[in-house]
């Protein structure tokens with residue numbers, strides 16, 4: 001009896017050691033490079049430090065006070081909201097339309113799916129560069145079409161009132177295929193019997209879309225909204241390549257500001273505040289979404 | 001499993017038998033009008049997404065004079081390879097390729113390895129605080145890499161890892177998403193086979209290597225490809241952690257090529273972007289099915 005009990009504890013100990021071996025390195029790296037930075041960002045947001053000098057000066061809430069009263073930071077928060085909301089609405093809206101279309105039994109749709117999805121795979125830096133060429137107001141492809149309908153193309157990337165639109169267009173163009181894939185998977189997950197039942201009940205096309213397709217898609221829509229918001233919050237390469245946050249901060253979002261303060265201006269305190277705000281925004285957003293989803297998501 | 005239907009449909013070949021679910025907004029019968037609208041829609045999709053890609057490829061073959069010609073030409077009048085030669089000569093693209101390959105292989109290698117082993121531990125091993133530790137891992141999904149760049153840069157600098165491969169690779173080596181994905185997949189594996197192996201005296205590592213790994217191959221390939229593509233395209237972290245030309249990766253290299261050549265010669269810059277994009281495009285053409293499956297698997301769960 002005693003012997004067998006001892007053997008069980010030995011196996012347990014072995015399993016525990018094996019666990020440490022298998023999961024330990026992964027968790028350790030998360031500790032050092034994900035969780036520790038969260039706390040350290042918090043600390044940095046309370047100091048003044050130019051990252052070149054060895055001295056950090058504790059300034060309490062000064063960095064927060066400075067940023068939240070500066071009009072520049074207001075612009076940056078507004079830019080982030082505009083970029084994120086437009087990106088999410090356009091990506092999900094156009095993505096749904098494309099998915100409905102590509103779910104139809106049409107010849108060649110498999111090839112079209114491949115084309116629609118391919119930008120998702122490609123380097124954001126490379127995509128941004130291609131679009132600078134397309135946006136060029138003198139010999140760009142877009143200008144050619146705009147002239148075709150009798151208008152003049154704005155100087156997209158150098159015009160404060162158009163640069164954000166240009167960056168949003170490219171971001172949506174690149175992420176659209178992702179939404180299409182998610183929505184196609186969602187459409188295929190809707191049980192076919194629901195459509196047959198609706199047909200028997202005499203439901204028309206719109207009624208079927210409204211009462212079967214849309215509710216059936218609500219779980220994937222929920223998933224998609226979260227992932228596209230996170231993607232928009234984190235969008236960096238396209239903005240860096242296309243506009244460098246300009247002209248005059250017109251395309252500076254929170255993540256771009258964090259990069260610029262930290263690695264161009266060497267201002268650890270302000271970059272720390274930006275990181276804290278970025279993290280809190282994502283955290284609060286996720287919590288609200290989870291609350292909301294409990295009431296509104298229909299699991300088909 | 002919904003995502004399996006989806007993937008079957010995407011796979012070209014005679015195996016496609018699954019009829020698609022009809023959600024037509026025009027009518028359940030295909031009238032000529034709905035068909036016409038459908039094909040018009042397909043054409044619009046191709047134009048919207050395909051045209052910029054086509055423009056990149058075609059631009060790389062145009063002479064400098066032709067790039068600036070208005071109205072633009074839809075096919076290069078005199079196709080030329082000189083842009084590729086010029087791009088290759090104006091930046092050390094050979095070195096960029098080697099750097100990107102090393103960073104991608106090690107970065108994804110670690111991620112795939114950690115995902116395989118961590119998921120195994122969370123599904124098949126019993127240990128105290130298992131669920132709690134899993135939550136800790138999942139919570140990391142909510143922390144974007146971008147939020148951590150400043151402290152991580154300081155850590156890497158303190159380690160003396162600026163301008164090194166380990167500096168680029170190690171901070172991104174841990175994996176939460178892949179662990180979650182593979183854990184879901186491992187849970188669907190037939191337990192009888194695993195139990196039988198254990199009864200026959202196989203240890204955990206043996207079971208992992210010779211039973212779980214082969215059975216989970218599709219999921220591992222899906223996640224692996226997504227990881228490879230993400231590492232290949234990564235921009236922000238390599239930009240921060242490297243500052244010498246010889247340590248640049250392709251995405252950074254093409255950015256600097258554009259900064260230096262951009263307003264001078266678009267043909268050369270388009271050729272350079274093709275250097276960055278082509279390997280991934282080839283992977284995508286070859287393994288589209290697995291990549292799409294990996295992405296869809298995260299969205300539709302039971």
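The backbone N, Cα and C atoms fix where each Cβ goes, glycine too.
TrEMBL does not curate its annotations; it predicts them automatically.
According to TrEMBL:
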TRANSMEM  B:32-55  transmembrane segment
TRANSMEM  B:96-125  transmembrane segment
DOMAIN    B:97-287  domain 'ABC transmembrane type-1'
TRANSMEM  B:132-153  transmembrane segment
TRANSMEM  B:165-186  transmembrane segment
TRANSMEM  B:207-230  transmembrane segment
TRANSMEM  B:266-287  transmembrane segment
Stretch in B:132-153, B:165-186, B:207-230, B:266-287 most in contact with the transmembrane segment (B:96-125), if contact is a CB pair under 8 A: B:165-186
Residues from the same chain, set at least six apart from the ends of the transmembrane segment (B:132-153), whose C-beta lies under 8 A from its own: 118, 122, 171-172, 174, 176-177, 179-180, 183, 236-237, 240-241
Same-chain residues near the transmembrane segment (B:266-287), Cβ under 8 Å, at least 6 residues beyond its ends: 56-57, 59-64, 66-68, 80, 83-84, 86-88, 90-91, 93, 96-97, 221, 225, 228-229, 232-233, 250-251, 253-254, 257-258
